[in-house]
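Chemist: Quick one: this structure, given as structure tokens, is what I'll be asking you about.
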Amino acid sequence: MNHFLSIRDLKQSEAVALVRRAHEMKTSGFRSDLLAGKTLALIFEKASTRTRTSFEVAIRHLGGQTMFMTPRDSQLGRSEPLKDTARVLSRFVDGLVIRTFGQEKLEEFVQYGSIPVINALTDEYHPCQIMSDLLTMYERTPDFADLVVAWVGDGNNMAHSWINAAVYFPFQLNIAVPKGYEPDQAIFERASEMGAKIWITHDPREAVEGAHYINTDVWASMGQEEEQKKREKAFAGFQVNGDMLALADASCKVLHCLPAHRGEEIIEEVLEGPQSLVWDQAENRLHMQKAILEWVYTS
Ligand code: CP
Ligand code: NVA
């Protein structure tokens, strides 16, 4: 049985094939009955617009049904153990799409459940988002070999999934983070040992020099709201704005997984400007979710 907890669950050939397959699904307006008769539960312990709706629609496009649950309206919010929830839901539904805090919670669902589990974002990773961002890049630059991708901001779940992606796709990944906000050392070291070309700096200007893609994300992720003020100070100088874009390659495009905090990590003019790909990025969530679901249920 397949689970998709991180990009590491894919072989390199599968990751590359998923991007191509999602592109094919997008261009053909793919629909199927792959999930006919199946119900997937979406358990979201954090807010979501894109991930929830793209999965709900993707599952319907594949003929399946969805059930949305939050801790507020289930016994999860009243401390029923995950291991109990995992076993009970496994008797009713055919898969779980989970957005939660620690990655270990997903692993507990895998351990105690008997159905596929898909990571819809944890504190550690956001693999569905990065697979979809790779699709967005593929549409413009299908050969990843000579690309410089800059990550500017927090060494967070998104950065970690980019690091994992850099093991399988041959771009150079430049990561610029403030001191103290580096990505997890073990995730970085493992990827580097596996051949990923990753360079970490505290100077965003160095990271974006000659970049073909600049990628950013909120400074305070979900669950870190109380650190907002502290982070605004720490991340000063890490805003994606015109000065930063001027250092990048002339063809440079800007990626942001959304939701964006305009005036913080990115300015309105860049987000809404000609170099921004954010709306294509958002759309591509749908196509990539379908490709991921197909991989989970058929490979
Ligand atoms: N990018 C993303 O995951 O958005 P949502 O939080 O709206 O799902
Ligand atoms: N890093 C952000 C991504 C939101 C899609 C968060 O975890 O809140």
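The chain as shown is numbered from 1 upward.
Note: Cβ is positioned from N, Cα and C throughout, glycine not excepted.
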Chemist: TrEMBL records SER48, THR49, ARG50, THR51, GLN75, HIS126, PRO127, CYS128, GLN129, CYS257, LEU258, ARG285 as carbamoyl phosphate-binding residues. Which of ARG21, ARG99, ARG231 is assigned to the same site?
Modeler: ARG99
Chemist: In TrEMBL, ASP217, SER221, MET222 are given as binding L-ornithine, so which of ASN157, ASN164, ASN174 is in that site too?
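Modeler: Within the candidate list, TrEMBL flags ASN157.
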Chemist: Going by DSSP, is ARG50 (carbamoyl phosphate binding site) part of a helix, a strand, or coil?
Modeler: helix
Chemist: For the domain 'Aspartate/ornithine carbamoyltransferase Asp/Orn-binding' (146-295), DSSP counts of helix, strand and coil?
Modeler: 64 helix, 27 strand, 59 coil
Chemist: Based on a Cβ-to-ligand 1 distance below 6 Å, what subset of the binding-site residues SER48, ARG50, CYS128, CYS257 would you report?
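Modeler: Close enough to ligand 1 are SER48, ARG50, CYS257.
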Chemist: How many Å separate the Cα atoms of ARG50 (carbamoyl phosphate binding site) and ASP217 (L-ornithine binding site)?
Modeler: 15
